[in-house]
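In what follows, a structure is listed as structure tokens, so that the remarks can point back to it.
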Amino acid sequence: MVWLEKRLLQYGAAFTGLLQVFSCGLHLGWPSPYLPVLLSEDSPIPMTADESSWVGTVYLLGGLCGSVLLSVVGRRIGRKSIVLWSSVPFCISWITVAFATTLHELLIARYIAGMSEGLALASLIIYVSEISDKEIRGMLGSSVSVTLFLGVMAINLVGSYMTIKTSSLILLVMPALHFLTFVWMPESPNYLLMKGKYQEARQSFIALKGSEDVDHSLAVIGTAIENENLNKTRFISLFKKNNRKSLWAIFGIRFAQQMSGITAFSIYAQTIFKEGGEAISPILGAVIFHTIQLILSVLSAVLVDKLGRRPLLISSAIGSIGALLAGGLFFFIRDVANVDTSRISTLSTIILFIFSFTFCLGLQTMPNFITAELFPTALRAYASTAACVLLYSFAAICTKYFQFTKDNYGMFVPFWSFAICVAIGLVMIVTYLPETRNKTLEDIQIELNQSKTTRKRSSRNP
């Protein structure tokens, strides 16, 4: 238990920060139980099917704006402060949702929540990667996705038994609890060094990781930051030649993750299970779907530091492609070929569960923290901004595309389209993503720079 005592504050800081991720999951999954309510005859806020699609999409657009805002405030305010104060707009959002009487009020509340997630999620991922030891960095980074789906599953359960107003007022406690606990956690030593606050960084490092080898560790981090500052790091630095491979890796991971349809499946979970047949109730199907995501995300968090990032990501992508192709085939046979599938109506449900299983083995958890591993300290806020812009852009496109194609062409179209997108992302992952298991953030940068130098030399001396 010595290892636990040594890393107690690392776990504590991660846990209290994850309370905010739980709030993100609650908001992300909110449309799944409540869209059917809003579209019913007794809807508290009457709306059309097209208008209802914006309830999910506007949240993602808010996340996109929050991510862009992070590029402006990320280096000035600090990782901890952004995560901490994002609790305020989350509280405002829940209150607005509780008392909303028009579609515009509801959309404003959803936009505010999305913008808060765009700021908080990326900042927390950077924070966790910088405060954690290399042996547990993958596990704590993966726990972000685990907690996110815990929130999604929780709102599906809560939303099945509570009204919009009641659930919103009860769930208001989550961002408040996060603020009251996370306020006591230390700031990232990497960020403090970047701002020239050596003594504060030293105190933070000792509190998080102990006094052993503290000066050497801070010297290594400080040297890396100084080298980055000499290069005049700006947002445009992401697109310099020495960062392009990492940038392509992040693009491929986010493309495979979001264009797989996972966000659309989460938002429209109950609707999808309703269209799949009467083999299982929509509520139960959605709960099982998210439970599988939760369990497999936990398994992925445990395995990521043992098996590595690349093997899990590649296996996850291949399995997701197979499940999406099978799902598209089922709906094509049922809706286009007009074959009676009533005897095998459970097949579409099983395929969705298999997709959830394979997707969460790697694609769900790892994209959220790999960005912080592939880029240096001074570029991390910018890189996370770019990664989150990709996330919310792809998610918003995917969600609207899913709703449009399933309504106009049939469910098989989005399923097969998503399979093609994951295949493209898989090629990029195999080509550009390095293995980062059991390496410090500084070691990863050294290896990336060495590989770039080697390629330059080999090109000069064929």
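The backbone N, Cα and C atoms fix where each Cβ goes, and this holds for glycine too.
Just so you know, TrEMBL annotations are computer predictions that nobody has curated.
Quick look at what TrEMBL lists:
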type	residues	note
DOMAIN	9-437	domain 'Major facilitator superfamily (MFS) profile'
TRANSMEM	12-32	transmembrane segment
TRANSMEM	52-70	transmembrane segment
TRANSMEM	82-102	transmembrane segment
TRANSMEM	108-128	transmembrane segment
TRANSMEM	140-162	transmembrane segment
TRANSMEM	168-185	transmembrane segment
TRANSMEM	247-268	transmembrane segment
TRANSMEM	280-304	transmembrane segment
TRANSMEM	311-333	transmembrane segment
TRANSMEM	345-366	transmembrane segment
TRANSMEM	378-402	transmembrane segment
TRANSMEM	414-433	transmembrane segment
Next on the checklist: Which sequence-distant residues neighbour the transmembrane segment (280-304)? Criterion: at least 6 residues beyond either end, Cβ under 8 Å.
Outcome noted: 29, 32-33, 36, 138-139, 141-143, 145-146, 149-150, 152-153, 156-157, 160, 265-266, 269-274, 312, 346, 349, 352-353, 356-357, 359-362, 364-366, 437
Checklist entry - Do the transmembrane segment (378-402) and the transmembrane segment (52-70) come close, with at least three CB pairs under 8 A (pairs 6 or more apart in sequence)? => result yes
Checklist outcome for this item: One stretch in 12-32, 82-102, 311-333 has more Cβ pairs under 8 Å to the transmembrane segment (140-162) than the rest, namely 12-32
Next on the checklist: Can you see whether the transmembrane segment (52-70) and the transmembrane segment (345-366) are touching - at least 3 CB pairs under 8 angstroms, only pairs 6 or more apart in sequence?
Outcome noted: no
Checklist entry - Are there residues at least 6 beyond the ends of the transmembrane segment (247-268) whose Cβ is under 8 Å from a Cβ of it, and what are they? => result 28-29, 31-32, 35, 56, 60, 152, 238-239, 289-290, 313, 317, 320, 324, 352, 355, 359, 363-364, 366-367, 370-371, 374, 383, 386-387, 390-391, 394-395, 397-399, 401-403, 414-415, 418, 421-422, 424-429, 431-434
Checklist entry - Counting only pairs 6 or more apart in sequence, are there at least 3 Cβ pairs under 8 Å between the transmembrane segment (311-333) and the transmembrane segment (414-433)? => result yes
Checklist entry - What average pLDDT does the predicted model assign to the domain 'Major facilitator superfamily (MFS) profile' (9-437)? => result 86
Next on the checklist: Using Cβ distances below 8 Å and needing 3 or more such pairs, separated by at least 6 in sequence, tell me whether the transmembrane segment (108-128) contacts the transmembrane segment (12-32).
Outcome noted: yes
Item to check | Dominant neighbour of the transmembrane segment (82-102) in 12-32, 168-185, 345-366, 414-433, by Cβ pairs under 8 Å | outcome: 168-185
